[in-house]
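Here is what TrEMBL says about this protein:
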DOMAIN    14-124  domain 'Fe2OG dioxygenase'
BINDING   HIS32, ASP34, HIS92  Fe cation binding site
Amino acid sequence: MPLKNPRHILPTISPNICIVNFYTTSGRLGLHQDRDESRDSLGRGLPVVSLSVGDSAEFLYGDTRDVDEAKTVVLESGDVLIFGGNSRMIYHGISSIYANSAPKALQDEAGFRPGRLNLTFRQF
Ligand SMILES: O=C(O)CCC(=O)C(=O)O
Ligand SMILES: [Fe+2]
C-alpha cells in the first residue's frame, strides 16, 4: 500500500530553531519530552524533525518516562526521524551510541570525529 502523503498526517513547519547535540561514544540522553516550544506550537502538534549524522544510536520512545516500557529504534547516519501530531509529546531519549558504526567516508574524507551529531529542527 502506498505511503500516505505526510502532509495529510502531520502539519508542515517553518523551522526557526535548530538544536545541535553531539554525543561521544559514551553519550546518553535520558527520556524526556520536548516542551520548550510555544504553547501554540505544542498545541498544534508541530513536528520535531531530527537528522542523525555519524555513529548509529539507540533511540528510545514511549508514552511514559519508564525506560522498561520504551520501544527502541536504531537511528543511522542520514536518518530523519519526525515526531508530531498525536506523537508530539512522546518521551524519548538516547540509550547508547554504537562506536565505529559511522560511514567510513565520514571519518576518512570529512574528518568527522567518533560519535554522533543530531540536529533537531523545530518551529517555536
Ligand atoms: O539525539 C537525538 O536523537 C534526540 C535529541 C533530542 O531528543 C533533543 O535534542 O531534544
Ligand atoms: Fe528531545
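Any Cβ shown, glycine's included, is placed from N, Cα and C.
Note: the domain 'Fe2OG dioxygenase' (14-124) comprises 18 helix, 47 strand, 46 coil (DSSP; helix = H, G, I, strand = E, B). Other residues of the chain with a Cβ within 8 Å of the Cβ centroid of HIS32, ASP34, HIS92, the Fe cation site, are LEU31, GLN33, ILE90, TYR91, GLY93. The Cβ of HIS32 (Fe cation binding site) lies under 8 Å from the Cβ of TYR91, HIS92, GLY93, each on the same chain and at least six residues away in sequence.
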